[in-house]
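These features come from TrEMBL:
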DOMAIN    A:22-150  domain 'Anoctamin alpha-beta plait'
DOMAIN    A:183-649  domain 'Anoctamin transmembrane'
TRANSMEM  A:191-218  transmembrane segment
TRANSMEM  A:298-322  transmembrane segment
TRANSMEM  A:334-353  transmembrane segment
TRANSMEM  A:381-402  transmembrane segment
TRANSMEM  A:522-541  transmembrane segment
TRANSMEM  A:572-594  transmembrane segment
TRANSMEM  A:606-627  transmembrane segment
2 protein chains.
Amino acid sequence: MADPLSFYLDDKPQPGTGSNFNVDYVIHYKLPTTSVNEKEEAEAAFIQLINALSAVGFATEVRPGGKSSLLVFTKIASEKLLTSQVYRYRIQDWLFGVRTSAPNQDLSKYLEEEPVSEAERLRLTYLLITKSKNEGGAGITAKVGKWKYVDSIFPLHDHAFNHRWIKAWSGKYFLDEEDLNRIRDKFGERVAFYFAFLQSYFAFMLFPAAFGFAAWLILGKFSWFYAVVNSLWSVVFFEHWKTKEVDLAVRWGVRGVSRIQHPRPQFQFEREAQDPVTGEIVRVYSPFKRLSRQLLQIPFALACVVVLGGLIVSCFGIEVFITEIYTGPFKQYLTFLPTVLLTIFMPTFSGLLTNLAEKLTKAENYETHDAHQASFIEKIFVLNFITSYLPIFLTAFVYVPFGKLLVPYLDVFKVTAQSFTTMEKPVTKSWEINPDRLTQQVIYFTVTAQIVNFLTEVIVPYAKRKVFKKVQEVQSEFSGNGHELQIKDHPDEADFLKRVRNEAELDQYDVTVDYREMVVQFGYLSLFSVIWPLAACSFLVNNWVEARSDAMKIAIGSQRPVPWRADSIGPWLHSLGFLSWLGSIISAALVYLFNKHDINPDGTPWDISGWALLLSILFAEHIYFAVQLVVRSLVQKLDNPGLQKERAERFAMRKKLLEQTFGSHGHDADLTEEAQGPGHVSSGERITREALEEEARVNATKTPEQLFWLRQRGAAETIEIGRGLIAEVAAANQTKSS
Amino acid sequence: MADPLSFYLDDKPQPGTGSNFNVDYVIHYKLPTTSVNEKEEAEAAFIQLINALSAVGFATEVRPGGKSSLLVFTKIASEKLLTSQVYRYRIQDWLFGVRTSAPNQDLSKYLEEEPVSEAERLRLTYLLITKSKNEGGAGITAKVGKWKYVDSIFPLHDHAFNHRWIKAWSGKYFLDEEDLNRIRDKFGERVAFYFAFLQSYFAFMLFPAAFGFAAWLILGKFSWFYAVVNSLWSVVFFEHWKTKEVDLAVRWGVRGVSRIQHPRPQFQFEREAQDPVTGEIVRVYSPFKRLSRQLLQIPFALACVVVLGGLIVSCFGIEVFITEIYTGPFKQYLTFLPTVLLTIFMPTFSGLLTNLAEKLTKAENYETHDAHQASFIEKIFVLNFITSYLPIFLTAFVYVPFGKLLVPYLDVFKVTAQSFTTMEKPVTKSWEINPDRLTQQVIYFTVTAQIVNFLTEVIVPYAKRKVFKKVQEVQSEFSGNGHELQIKDHPDEADFLKRVRNEAELDQYDVTVDYREMVVQFGYLSLFSVIWPLAACSFLVNNWVEARSDAMKIAIGSQRPVPWRADSIGPWLHSLGFLSWLGSIISAALVYLFNKHDINPDGTPWDISGWALLLSILFAEHIYFAVQLVVRSLVQKLDNPGLQKERAERFAMRKKLLEQTFGSHGHDADLTEEAQGPGHVSSGERITREALEEEARVNATKTPEQLFWLRQRGAAETIEIGRGLIAEVAAANQTKSS
């Protein structure tokens, strides 16, 4: 595959992409290149690998993978094994309430009715490879423990599908139901949920884009009206997505799958205990120990604030000093200093902190993959929050209002600057607030940074791979003579293997990176768009491109993802809610601070009263809560097709079970008639009564209770006696009133 | 039954209480005492009543009910009818997910396993009497439409049980599981939930009582530490109750019964439509029309604020003027004026507004009883909020801080007072803030008002009935001669009928009144206890008495309630959450205002900065949110017996169904073996491989895909070839490094 990009632009299929040779998964097995010991270890592990795969029912083929790796191709050996897996997991789904009905007994008929999708096949195959031996799997987990040479386990792309996919999407504005369903069938619900979210977000973005444009033209910046509408929009979007998520989950048949947790192989248990409910043996880790480790999140968050905040504040100070005060030599070069510093240190620090976050999350030792992921995402969110929003917070709430007070402290740079120059005249000028800084910064983050992001996400990895390959080729040309490993592929397979080797070198696709990007963007809109209402227009364009570039990233830039299921966008939902809420506060504060108060270039302190600022925040926040309550109750009242489907399914299932149990209404109908047919009961009643009367005449030893119910013989007598009593009362009253 | 109170103090059973004569329900049928037309109408309706009851399967007996009413006794005629009803409703429960398993086919065995409790019998009987004819009931609804002469439909008390109940409770501090279960079996889950809540609340109250006492001794009033602990307590209590509620609902087998809605007979539909899900015909009322009527709640709330607020403010003003400024004549009498005004007008206005609330709720025209009740409770909560808390709000946030500014406006009273007197010397003195007013008021509401409440709730109705009866007797003695209606009871029944006539005259028990009282009390604790930390001690004592007096109220003061089911305390839960949240704000404001600032008796404006006040509120509220989040996640992690039971039941039920479907593991076990037994599959695999090989030799026209999987014959060959490749790589590397 010479050039993956051109592959998607041409219509001509690339060599080797026509077929996947029925391969389910490819295991990329990296060989050590240094010591002999390691070679032996790798060999032993390889033997174990093949045996483990074969033991659970995989057919295997091995081929050379490149200079120092192997490619192990696996497929499920018999269709019967696959069927049994499908059946087993569908029953599990039903046990967990994901499916409303139990799988049919007649297997072949059942699979005809509900065929196995590609995603389902790949998911179950992956589980069979990775789940532990005592759960019936091969227990192979990439890069962990004895499987450290297993670099990755990945399915092969369906390039014909990818080709159609990218072509189709690049020609349309909106993704429809069918587009998402296709993604779901190929890449699983987890990826499909991302695109569904992106699509929903994109469609909702139309409103703030149009309204923002109008506001920009008419209302200008810092309009309270824009802030209110924007906040309202974010509430509506958030609440809508919450129900949409449930709707989609039901329609895709995955509602509740988050309850079926995949155990983390790395989980370390303290002891084994019996589940009080199911009686199964479960592995236990002390929740208090975990809690004590979770508490480390607090120092971690503080560390993030100190390290990243410190970096940002320093660069901010240097930048202000150089661009707005400094007048000495090399100013044109020094202007780039803060950018350079940020570019060097920010990724370094972020990387370090991300590693730390990963270590912390591992130390928290979660039983399940989802819990682990959620905890990690929480930490990442803190990191991103600081790197993304702190610069604007600084400008809005420190630089502008307190600039005049704080800038003198920048003298530390002045002294440094003065000592580096030999000139007599001062190298600084008196400082004035740059009134456009805030807007410039927001524009930078909402336009420039989005473009930069796009480039780093799509173009850079591609370029990197190209360069890396070239370097390797050149390297091997230089070093390569004599015993260089020669790969001789069978001509039938050569193209295919070349393509698989390419895919093996690609990165794994991580959907959380894409979610993070969207959530951060939502934050800009919710928190800061009141500064520059055009932001949403930029996001609208960006998100159209984003959906396509993410599709490209999956199709060309990454290994095909394992098609996991999901029933929501997971922990990101909380982040969205948090940002939406914070937006109400920050927008109010921004509007209060900047709406009436033109920025004084001379930096004199404004006429800001603390209580009015706090009052507007308090006010905005509580209106936000009230609106959220109303919107939530309204949105919940709306029926959606997914929930209707679920209701109908449950209704039908239970009706069916009822019929099965009682033989098509037989038993139940009897009861119904008896309960509803008045004649039947009351005549039966009368017969009993008569029989009892007979008895009463015979047997005078009745209790008062029995006699009480025998005084009036049936309804007719009760009526008669009642009428008598009514007449008596009327007579008594008439006597009285006369 | 001469004296109901003495009945519960003696051990000797009162006459007529030994047996309920197998009566299920008594219908108290009031006869008109004026016109002849009405007499005929009442007679016709009576005939319809008896016929309707008889038609659905009730045995009936009629007896004179008093001067101008009849007592219709009903019981289900045949046990078979009852059984069929039990079966029918248990199936409905199962369809709605309240029961995890469908009722057994073998009815008699099934009812032995799960016998019909008294509450269940009475509930189903009541439904049979009241539900509409097309649902198979008699369609009798008290006081509505043609049944306007039906005054009440009530079951008879089990006085032996009530006697034991009151005796047992008056001798113990804590109610246990069994006590609540007994209540549940007699009076249904709705009443049992009230007592469960009361018990939980009482037990939780121990902490604030002890802590409040300590705080009162050590910290004094307006301690921020007390406020924080108190707020934390309210969060913990609220979150605990939320899970406790679910736990109880599961243990009582009623989780989800709020989904089974009882239609309101008064509901008026606009059109009939088909349910898109179940295909049933449903009655529809436009939600937009309803919404437009729901919006009337806003003017209603405003009206409450204006009317009640106006009354409270006026009385407050008069009180301040008379007690703190006025020095003229009749001061000792005039002091009572505001109390008199409040006592006269408050119940009048409250009553009017409650009526209005009822009318509004009726106009909102809900389909179901629960929705109607929830909407009504919302309105009542607004009313109660104003009457209960506004006086203290006024003192804390208006009288004390702004008294000096506002008191001059009371001159309007001064002029009035001056004009009524002929004395020369001024009748007023210069005003000083009464620093103890706030505390006095809180003590009044948390101690005095609770006692007054107890008296009005228990003693007054009892005294009223006594007096009313005496008056009636005296009246009939005066008028009674000649044609007075003489009731001649059969001697066997005389005592019983006398007792039933007594019960017919009692009020209906309304559990919402009791909930309201507790919720209002929780509000005092959450909002104002920082003013007087001893409040919780008073509540602790009060609530012990409350549980017993409520029990007495049910046992003696009310007709036996229809044993409805419930799965929570319903809309009061929201009220509790709201008060808990508001408490965080109000406490913070109170602490800020009064902690450092001793009340200046000269009324000079304090040194209060608005921003600091707002900041402390903002701070307190957000700490509250954070704490709530943490407590919620912690409480949710705790397992409770109810949820465990539910999990176990579902697990067992599904396992059972699975076994039924597949014949005791037969089918499933096969699959398991196949999936897990490695030998079986891989040998099967090998066989397939060998067969394929044979084919391959015969047939050379295989596709490359087929050939790909035939190059290595089984795991052994893959391993062999893999080892060769590993060796090659190692060799190549060694050459390179050497």
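Yeah, the Cβs are placed from backbone N, Cα and C, and that goes for glycine too.
Same-chain neighbours of the transmembrane segment (A:606-627): 227-228, 231-232, 235, 401, 581, 584-585, 587-589, 591-593, 597, 600, counting only residues six or more beyond its ends whose CB sits under 8 Å from a CB of the stretch.
Per DSSP, the secondary structure of the domain 'Anoctamin alpha-beta plait' (A:22-150) breaks down as 64 helix, 24 strand, 41 coil. Listed by sequence, the residues of this chain that lie at least six past the ends of the transmembrane segment (A:572-594) yet keep a Cβ under 8 A from its Cβ atoms are 221-224, 227, 230-231, 234-235, 237-238, 241-242, 245, 377, 381, 396-397, 400-401, 438, 515-516, 519, 522-523, 525-528, 530-531, 608, 612-613, 616-617, 619-621, 623-624. Tertiary proximity for the transmembrane segment (A:522-541) is limited to same-chain residues at least six positions away from its ends with a CB under 8 Å from its CB atoms, namely 201-202, 205-206, 208-209, 211-213, 215-216, 219, 221-223, 226-227, 230-231, 234, 385, 388-389, 392, 396, 438-439, 442-443, 445-447, 450, 576, 579-580, 582-583, 586-587, 590-591, 594.
Across the residues of the domain 'Anoctamin alpha-beta plait' (A:22-150), the predicted structure has a mean pLDDT of 86.
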